[in-house]
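Here is what TrEMBL records for this protein:
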type: DOMAIN; residues: 7-86; note: domain 'Saposin B-type'
Amino acid sequence: DGVAQGRGIKCTLCTKALKKIQALAGDNPDKAAVAAALQKGCQVLGRAMGRLCQRLVKKYQDQITDGLQNGDMPRDICNAIGICQS
């Protein structure tokens, strides 16, 4: 159905964005490194996806930051914030 499909697209976007952000933040990032990576990570996705990405990042910044600092995988973080279904 449409909802599951929409969620699938969001899940893919979330995972892609977090992979990018994780790469930009580097290993063992502090809060400032994650914050900078969140800004840059969304910009490289292009305008439409970038806007979605920024909305996602703003809403879940704390969970994303914690997840990245804990070394969680992007897909696990997206599951944790309820965007992806495990």
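Yeah, the Cβs are placed from backbone N, Cα and C, and that goes for glycine too.
Curation does not apply to TrEMBL; its annotations are automatic.
Fair warning: this is a prediction, and the values are worked out from it, not measured in the lab.
Secondary structure by DSSP for the domain 'Saposin B-type' (7-86): 62 helix, 0 strand, 18 coil. Note on the domain 'Saposin B-type' (7-86): mean pLDDT across this stretch is 89.
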